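Copied over from Swiss-Prot:
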DOMAIN    5-146  domain 'RNase H type-1'
BINDING   D14, D138  Mg(2+) 2 binding site
BINDING   D14, E52, D74  Mg(2+) 1 binding site
Amino acid sequence: MSEPQRPHVVIFTDGACSGNPGPGGWGAILRFGEIEKELKGGENPTTNNRMELLAAISALEALKRSAIVDLTTDSQYVRQGITSWIFNWKKNGWRTSDKKPVKNVDLWQRLDAALKPHEVRWHWIKGHAGHAENERADELAREGLAENR
């Protein structure tokens, strides 16, 4: 008997921070066919990188079943971290190549766990360059920031 086909979900994420650290917010758009869901949240105090990570984590944790995911972020920190750096961090006990503890390790570990049920393809786009979904994710992140001032 064949495995049921996994749904294909498209996700766009963004984070925002007023001051770094300062109040911050994150936003995410999840799209499955014609169904679209928007998520947002925030923290105070926080950093922009933490909000970028939390946007991706929150979107992936919102998925109710295993999916094939195309996740688009404007954060090189998130994309490089999850597609390149994380493998050595894990091998080195969550330490960088110069033996320092990985920054935001709590969120990197949470993102690593959130990925497990899914097949995720990571995409990067330039922020604030007129990409409609990225602009909307940015608006959601700013709303999340405003709610956490």
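Glycine is treated like the rest: Cβ placed from N, Cα and C.
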Secondary structure at D74 (Mg(2+) 1 binding site) (DSSP, helix/strand/coil)?
coil
Average model confidence [pLDDT] within the domain 'RNase H type-1' (5-146):
97
For D138 (Mg(2+) 2 binding site), just count the other CB atoms lying within 10 A of its CB, please.
21
Around the C-beta of D14 (Mg(2+) 2 binding site), how many further C-beta atoms are within 10 angstroms, looking at every protein chain?
31
What is the total of other Cβ atoms whose distance to the Cβ of E52 (Mg(2+) 1 binding site) is within 10 Å?
28
Neighbours of the Mg(2+) 1 site D14, E52, D74: Cβ within 8 Å of the Cβ centroid, same chain, sequence order.
T13, G15, M51, A55, T73, S75, V78, G127, N134, A137, D138, A141
Could you state the CA-to-CA distance between D74 (Mg(2+) 1 binding site) and D14 (Mg(2+) 2 binding site) to the nearest Å?
7
Taking only the Cα atoms, work out how far D138 (Mg(2+) 2 binding site) lies from E52 (Mg(2+) 1 binding site), in Å, as a whole number.
10
